[in-house]
Every structure is written in structure tokens, then in C-alpha cells.
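Only one structure is covered here, and it is reproduced in the block below.
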Amino acid sequence: MTLLKSITSFLRSTILFNTKLKYLKNYQKKYIHIALIGAASKTGKNTALLLKQNNHISKLHLYDDNTSVLGLGLELSHIPGGPIVTAFCEDQSLPDAIRNAHLVLMVSRIPRKLGNTREQMLATNALPVQRLCKAVSNINPEAFLAFTTNPINSIVPFASALLFKYNACSPCKIFGITHIDTARARALLAKTLNVNPRSINVPVIGGHSDDTIIPLFSNISPSHYRVKPCQADTLTRLVKKCGTEVLNYKLGNDSAVLVLAWSINEFVEKIIQALYGGCVVVNCYATNPHYGTRFFSGPTKVGSHGIIDTCINFQMSYFESKLLERAVPIIHRDVARGEEHVNVVETAPNL
């Protein structure tokens, strides 16, 4: 019996070693092509600079309606190493910008400002998203498609419904990037615990708005880190109001830029590992059947062909379960609003 266990253990170790070896070989051979849409925005510029430093990206295409993107591309091309940078401008060059890209990444278009409602942001940002979805459906339907365009709770369902209408919907390849929520939760928790924020993790579920973000401080990992219920309450309120607080400090004229670019880059680094054949966990707002809202944010397992598994069955505190109870109908409303907006843009003239 002992011999059988030893043989079984040896075989498992061999399989694991061979799997890792295959992954490492792919990691060394394959290079990734990324298209960054909205690159001339403040978030886009900072994201482009971070992506330019990634040696596992072979091509970085920058696209924006603003002609300043051409200067951005030229400037980045003067940085030694990293991907080959090409800039594109105007609608007719959008197909070339996304052609053959493994990941098409749309960063914020019209940024959040004080007084802007989610409905106003959806109406403003819907048309650029529609143009991108049309181009993706025609040119590159197999690409991973990721958004940081607000309001994410509605934009991702809106984009999914558009791609379905265009017969190009791959639900397992459409993401709303919510790494910014986990970044903030980790940073605030680390300050409370006086530890390195890179050494801890806090799952954040729900949606991506002040009233739907739910950080699960009862699920901190490593599990030996704990906070008191009163601390969890305070930290949750801080995470929820981070975006508004940054807006206030910037006098209502600009939203979070640097932390968003950093969190986008963190997401991209993980997706690159997935495209190489690895299995990674990203925090994103994506299709999810487990909460009755069709779309939901949380830790999501991703492989080379897209989403493998979505979050489910977290053990939550009473406080967190009540937050979820209040968030679900709001997310459901936001999803419906995004899907219904397809009819608005598709029937509008001159599109």
C-alpha cells in the first residue's frame, strides 16, 4: 500500500512538472498582441507606458479619435525594448488597430465627473463602445475584449448584447476590469494591519459602483489575517467612497487615473499568463449565472480560451450578506439598462 502511494505521488509530481514545463516553454515562445482603445486619455497614456515595459507583449496598437495619439505612439517608440508600438487615429483605422490582437482593451472614454449620473455616462460612452463592438465582430471576433469604460455595470451587458446581435458574442471572453476595487481594498487593509499590501488579498464581489461594490473582509487571505467587525465596516465604507473621494480632491474635474492604469496593467499581466496556457484568477465583472443578475463581479478563473469558472458560494459575514442583498436588485437594474440601450443606439440615425 505504501509502495502504491509512492508511485501515485511520483506520477502526480511528474504530471505537474510536465504541465509547468509546457507552460514555461509557451511562456518563452509566444508573444502577445494588444490593442489599447482610448489611448490618448489620461488613463490610456499611463496604461500605454506600463504596457510598453512588458517584454511578453510583441505588438502594442494604440487607437484614439484624438490625433494626439500619434504623438503618444511616437514618444513610446523612443523607449528601448518592449513591444513595437503603432498608433492609429480616426474611425477608418479602427479595424487595422484591432486586427489580430489577442486582447482588445478599451479604457475610459468620457471620465466620471461630479454630478454625472450613471445614465448620462452610459448615453455618452455607448456610441464609442458600439463602434468598437462592430469592428470586433467584423475583424477579430475571437479576441478577448475588456472594458474599464463606465458605467461598467451597464457597459459590459450592453457590449455583450451588441455582439450577440452581431453574431459574434463569446460571453467567456468579455470582461469589465474591476482590479481597481481589489487594489483599493488591499491597500486600505494593509494600512490597517501594517503589512505589505502585495502579501494579502481581499475578494471584492458585486458590481462596480458605490452601492454595489462589496469587499469581503471576512475572506482575507492568508487566513491568519483578521479584522474586527467594526474595522470591516469602516474599511468597506472607505473602499466604496474611494472614487468619489478622489473626484472631490481633484475638484470634480478628473477621476482616478494612476491607480486605474496600474490595476489595468495588473489585469493584463494575468491575462497574458492565461493566453500562454496558464490558469489565472482575475477580478472582473462578467457573465455569471450564480446570483440572479446574469452579470456579476468577483474573482474569476480564466484560461487560454476565456473564462473557466466564476465566483460562487463565499462564506460571508452578516454585514456582507446584507450588502449583497441590497446590491443584487441594483445590479439587475443596471444590467437591464445596458441591454435595453442597444435598441436606442441601433435605431439612432447616422451611426
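The backbone N, Cα and C atoms fix where each Cβ goes, and this holds for glycine too.
On a predicted model such as this, the values are computed, not experimentally measured, just so you know.
Taken straight from TrEMBL:
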{"type": "DOMAIN", "residues": "33-175", "note": "domain 'Lactate/malate dehydrogenase N-terminal'"}
{"type": "BINDING", "residues": "Gly38, Ala39, Ala40, Ser41, Lys42, Thr43, Gly44, Asp64, Asn125", "note": "NAD(+) binding site"}
{"type": "BINDING", "residues": "Arg112, Arg118, Asn150, Arg184", "note": "substrate binding site"}
{"type": "DOMAIN", "residues": "178-340", "note": "domain 'Lactate/malate dehydrogenase C-terminal'"}
{"type": "ACT_SITE", "residues": "His208", "note": "active site, proton acceptor"}
**Report entry** Minimum Cα separation from Asn125 (NAD(+) binding site), reported as the residue among recorded positions Arg118, Asn150, Arg184, His208 that achieves it
**Finding:** Asn150
Query raised in the report: For the NAD(+) binding residues given in the record (Gly38, Ala39, Ala40, Ser41, Lys42, Thr43, Gly44, Asp64, Asn125), what is the largest pairwise C-alpha separation in angstrom?
Result: 16
Query raised in the report: Three-state secondary structure of Gly38 (NAD(+) binding site) from DSSP?
Result: coil
Requested in this report: Would you mind splitting the domain 'Lactate/malate dehydrogenase N-terminal' (33-175) into helix, strand and coil residue counts from DSSP?
Outcome: 68 helix, 29 strand, 46 coil
Report summary line: His208 (active site, proton acceptor) and Gly44 (NAD(+) binding site), compared by Cα position, are separated in whole Å by 19
Query raised in the report: Relative to the Cα of Gly44 (NAD(+) binding site), which of the binding-site residues Arg118, Asn150, Arg184 has the closest Cα?
Result: Asn150
Query raised in the report: Secondary structure at Arg184 (substrate binding site) (DSSP, helix/strand/coil)?
Result: helix
Query raised in the report: For Arg184 (substrate binding site) and Lys42 (NAD(+) binding site), what Cα-Cα distance in Å is obtained after rounding to a whole number?
Result: 20
Report task. Do me a favour and check the Cα-Cα span between Lys42 (NAD(+) binding site) and Arg118 (substrate binding site); whole Å is fine. Result -> 20
Query raised in the report: If one measures from the C-alpha of Ala40 (NAD(+) binding site) to the C-alpha of Arg118 (substrate binding site), what distance in angstrom results, rounded to a whole number?
Result: 23
